[in-house]
Amino acid sequence: MPVSWFLLSLALGRNPVVVSLERLMEPQDTARCSLGLSCHLWDGDVLCLPGSLQSAPGPVLVPTRLQTELVLRCPQKTDCALCVRVVVHLAVHGHWAEPEEAGKSDSELQESRNASLQAQVVLSFQAYPIARCALLEVQVPADLVQPGQSVGSAVFDCFEASLGAEVQIWSYTKPRYQKELNLTQQLPDCRGLEVRDSIQSCWVLPWLNVSTDGDNVLLTLDVSEEQDFSFLLYLRPVPDALKSLWYKNLTGPQNITLNHTDLVPCLCIQVWSLEPDSERVEFCPFREDPGAHRNLWHIARLRVLSPGVWQLDAPCCLPGKVTLCWQAPDQSPCQPLVPPVPQKNATVNEPQDFQLVAGHPNLCVQVSTWEKVQLQACLWADSLGPFKDDMLLVEMKTGLNNTSVCALEPSGCTPLPSMASTRAARLGEELLQDFRSHQCMQLWNDDNMGSLWACPMDKYIHRRWVLVWLACLLLAAALFFFLLLKKDRRKAARGSRTALLLHSADGAGYERLVGALASALSQMPLRVAVDLWSRRELSAHGALAWFHHQRRRILQEGGVVILLFSPAAVAQCQQWLQLQTVEPGPHDALAAWLSCVLPDFLQGRATGRYVGVYFDGLLHPDSVPSPFRVAPLFSLPSQLPAFLDALQGGCSTSAGRPADRVERVTQALRSALDSCTSSSEAPGCCEEWDLGPCTTLE
């Protein structure tokens, strides 16, 4: 059909193939018959009244087949109308009846059989809003009257119709001896026919081509400049429904770009001129496009509206099947329950359900096309909770009073009982016993197809795994005794104290020396917190809040606060004690931690909680302010062993080689101290010192 060629040309992005039509110059209707027949067309139309069926008195002439052909009726060369030519094929039906009246001579019978046959053939034509009926008288000579044989055809010119209209044609005789013939045809529009210069309504019709431009689809509207027309982009989910997406009046020519992800099979286009009574071009060029079908499945959604009720949302009809399936807890593919449960055709945008199905969390629905699952949703997942480890038994009717039972597994439906090595086969007798004693839940039943039963597997799982649980208990007991044997080591590990190292910001070289001390202490083992390792938290919360939080936490855990005194720290402490204004540098947090710890010293709460240290050669012990001397004061690295004992609270160091470890710490501190003092606090002091990985105390 021309319409098919039109859509094919759109898909290829080329000009469509068009059909040239025969032209009729006569404005009146005419009729003609094939050789041997005579025809006469009644003037004007007749009433379209088929009447009731009657019995044929003998051989009668009846229509047997209808054909149509499109032509142009052209009173003027450029003023034509689309017209439907109808060809009616005729045949003789029935036989001569034997005479019932006595006394008829053979000559009279022969005379009646040598007479010609006549018939009145009615052609009924409907194409909204047009409805017409034409009457043809057809005569067949006696020599052509052969019952059961075709005698020829009659041609009627013609019924006028609109471009793109759907026409219906009926044919019958008066009186009517058989059921009327009928024919329905969709006429092409201006695009599919060579009529642009012949039919005035097609003169200003926009032409449209579809092509691909990368990830986009380009709609090219070939319209003369300054020509106004309307463009409508819409969805047609069902034949009689239309959902408009975009409508606009445009001036040609135009290029309209669509994203390829927006294409779906029911996306259609209408274009028409703004001239009065202009024809509309309507087509859906993406119906057979594979990409449009893929997009449709990506857009489609399967929603559970309520327990057991779902809805498939999609902009177009989906060519799929909806199947009830069983989802096992192991996340294996959902197994369709067809048979015995019949599947449904996919219906979009309407609530659906499987009737007579009882609720179970493992029952789901899936939408499939050509054995491929596209969408799936579990109907009772929200109302009945997670999947259950139940075994689904399928009871099938095998005879009038006979049934068979099989267990649905990933490998298929295992007959019960069975010698297979599957889980259901091993428990076959027990499952059958549960089934016969009505311990299983019936999910679905059909007197002709069968039933579905869900059998709980909890008791079989408990019995099977009892030895495993005993083994786990024995393993747990063994692990418990092993941990008891390691009790001393764990206590030693828990006995390692936490320490907060507080210092002043005396320059980059001094900060590297502080970092070396913190790294060395963290290997003793001690859990060390220092602001150098927590710059991000310090910046986020503020120095005062960070120091206060760390001090309170460490003291609650029984830890110790280490005060590292330097000349700058001593000077600021003196200013604090003399109630002088302290203006710290941009990176100096000394004022913050002084406000946290000084009340403990002034109120006598420092003993056992604080330790003071300073580096050899950098400070004289008498320089430390007197309020801070109530806490032990050590010089590093010369008094390192005593300092470590004070940090451990009198406990011995951890197992291993403590003397070697103390010696390594001493050497590390002395090397860092020598490096910083030799550089005279020059920028870049101690850059070669690797602080190593450090543990921040949260």
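If you go along the chain as it appears here, the first residue is 1 and each next one adds 1.
Quick reminder: no glycine exception, Cβ is built from N, Cα and C everywhere.
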Inset, instruction - Have a look at Asn114, Asn259, Asn401 and find the one that Swiss-Prot tags as N-linked glycosylation site. - result: Asn259
Legend entry - Cys268: disulphide-bonded cysteine as recorded in Swiss-Prot, out of Cys266, Cys284: Cys284
Legend entry - Of the residues Asn182, Asn345, the one that Swiss-Prot lists under N-linked glycosylation site: Asn182
Inset, instruction - In Swiss-Prot, Cys325 sits in a disulfide bond; tell me which of Cys316, Cys334 is on the other end. - result: Cys334
Legend entry - Within the predicted model, mean pLDDT of the topological domain 'Extracellular' (22-464): 86
Legend entry - Listed disulfide-bonded residues among Cys202, Cys266, Cys284, Cys316, Cys364, Cys378 whose Cα sits within 10 Å of Cys325 (disulfide bond): Cys364, Cys378
Legend entry - Among Cys334, Cys364, Cys378, the most crowded of the disulfide-bonded residues [Cβ within 10 Å]: Cys364
Legend entry - Tertiary neighbours of Cys455 (disulfide bond) (same chain, Cβ under 8 Å, six or more apart): Asp390, Met391, Leu392, Leu393, Leu431, Asp434, Phe435, Gln439, Cys440, Met441
Inset, instruction - Specify the secondary structure state of Cys406 (disulfide bond) as given by DSSP, simplified to three classes. - result: strand
Inset, instruction - Could you give the residue numbers and ranges of same-chain residues that sit at least 6 residues beyond the transmembrane segment (465-485) on either side and whose C-beta is under 8 angstroms from one of its C-beta atoms? - result: none
Inset, instruction - From the disulfide-bonded residues Cys202, Cys268, Cys364, Cys378, pick the residue whose C-alpha lies nearest to the C-alpha of Cys413 (disulfide bond). - result: Cys364
Inset, instruction - Going by Cα-Cα distance, pick out whichever of the disulfide-bonded residues Cys190, Cys268, Cys284, Cys406 is nearest to Cys378 (disulfide bond). - result: Cys406
Legend entry - Residues satisfying Cβ distance under 8 Å from Cys268 (disulfide bond), sequence separation of at least 6: Leu233, Tyr234, Leu235, Arg236, Glu282, Phe283, Cys284
